[in-house]
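Participant: Okay, handing you the structure first.
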């Protein structure tokens, strides 16, 4: 079978098929991957010719079977739900893109996605046609859908993480709040694997005097200053939180009793000396601190908290501006 192309003029007035009267064999068209066809650019969309690839794309064995299945019309090829969109995209009066993506329904009922690469031409007789190459892109579309779904899931997870972070963040100081402290420390204890840990609890000596005398804005700045100092002093994975009021805590996994613990205690309390360099209308505030350690992280959070809190009270009862270690109940460090 041989198909003869009539002279065709493109939408812009140029010759779209430069070899006028050239013979194109059906065998050649059948060897080209994908579907190739021509249809009349009107409401009926009458099909003029098709290749073997198009028949296979629709699951048809013969030309007659395909024409009967599609009613011999391009619009019989397009999924009913996509026809309105495709009609608008293929309107010769407004067509701007040479590619349209839509669904087709095979004879066996399966739905496939295709890319329609078309060229609108007008032949020497004034007839308007679309010359089309059709490629099956179902796998690509499905993969893109999977990627989009994965991206949406990741975005949802990120939003949940953000919401959780905000829910566990102290609004004033931007360190963890009480619930955030509990969750983070309990997670670390659950994965301790016998490592030591240390829990620090501290509050600002005579903070109420500063707050009541110089106002809440000044008191808030003192709290923010301490929070910044604690974050900047400890390791990235250590837990820093505000339990409420002027009470702060620090939790360090992998840190037990010994010189390293005492050194960190001193560096945490260095904030008092740093505050002395700040110009303020009151004496620089100091810290009282209680410290509790577990050599193998066998103590629960409430046990660590109870021991450190008791040590904190001993430090305050002994004159404030001191640190007391729970395992050394009689030893205070100024």
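Note that Cβ sites are derived from N, Cα and C of the backbone, with glycine treated the same way.
The shown structure was predicted, so the numbers you read here are calculated from the model rather than taken from an experiment.
Pasting the relevant annotations from TrEMBL:
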- 98-149: domain 'PAC' (DOMAIN)
- 195-328: domain 'GGDEF' (DOMAIN)
Participant: What is the average pLDDT across the domain 'GGDEF' (195-328)?
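Facilitator: Mean pLDDT for the domain 'GGDEF' (195-328): 93.
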Participant: Per DSSP, what is the residue tally for the domain 'PAC' (98-149) in helix, strand and coil?
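Facilitator: Once the DSSP states are binned, the domain 'PAC' (98-149) shows 12 helix, 29 strand, 11 coil.
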Participant: Over the span of the domain 'GGDEF' (195-328), count residues by DSSP class, listing helix, strand and coil in order.
Facilitator: 59 helix, 32 strand, 43 coil
